[in-house]
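Feature annotations, reproduced from Swiss-Prot:
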DOMAIN    23-197  domain 'EngB-type G'
BINDING   31-38, 58-62, 76-79, 143-146, 176-178  GTP binding site
BINDING   Ser38, Thr60  Mg(2+) binding site
Amino acid sequence: MSYYTKAKFFTSAPDIRHLKNDTGIEVAFAGRSNAGKSSALNTLTRQRNLARTSKTPGRTQLINVFELEEELRLVDLPGYGFAKVPVAMKKKWQASLGEYLQKRKSLKGLVVLMDIRHPFKDLDQDLIHWAVESNIPVLALLTKADKLKSGKRKAQLLMAQEAALAFMGDVTVQTFSSLNKHGLPELERILDGWFGLDKKSDEEGAVVEGQD
């Protein structure tokens, strides 16, 4: 069973100023309003309704926090960039996202979700630049990979990996599909590293071996 099935709703906040508990480790998920962020979180946690998927992109305006265990959290940041959202609201969200990435001490990793057919749009790039400037590792997750045939999917991945070099930071690119769970093991492996779960399992294994 995956560790991430333990996720449960912890709190919501309109912006970083209302977020408490800036201790422990947080990993944030961010993306354009139609990038499949909620679906990816639900797939990761094996929970159909942990993150609510909206048929109207741009409706999720709150920062939603899910707790895995004490001091370990997944953070669902507001979707951005949807055309029908008022400009003033867009600017408010962008400012809030930037502030969170630059000031949140417990943030140890950022997953930026992008439709594999349209990666690295302006706001995606802004988000990654902010993270790199704050020395936060980034996973650029190319979602909806099931929409492309294998050859085209690999070509898009190579193109995105090439583009990611320009950020001059710790930016990994991976393809993903919530529909067929393509890329899920790779996503979990990266999250395990950010949360320190790989070290924890190694330490537990060493203890067991020492007891033999």
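Cβ from N, Cα, C; glycine included.
The average per-residue pLDDT of the prediction over the domain 'EngB-type G' (23-197) is 90, rounded to a whole number. Listed binding-site residues: Lys37, Lys144; maximum Cβ neighbour count within 10 Å falls on Lys37. Under 8 Å, Cβ to Cβ, and six or more positions away along its own chain, Leu62 (GTP binding site) finds Ser12, Ala13, Pro14, Pro78. For Phe176 (GTP binding site), the count of additional Cβ atoms within 10 Å of its Cβ stands at 28 [all protein chains shown]. Between the binding-site residues Asn34, Ser38, Ser38 has the most other Cβ atoms inside 10 Å of its own Cβ, all protein chains included. Each residue contributes its Cα atom, and for Ser38 (Mg(2+) binding site) and Gly31 (GTP binding site) those atoms are 10 Å apart.
The 10 Å shell around the Cβ of Pro78 (GTP binding site) contains 25 further Cβ atoms across the protein chains shown. The Cβ of Gly31 (GTP binding site) has Lys37, Gly79, Tyr80, Val112, Leu113, Met114, Asp124, Leu141, Thr143 as same-chain neighbours under 8 Å, each 6 or more residues away in sequence.
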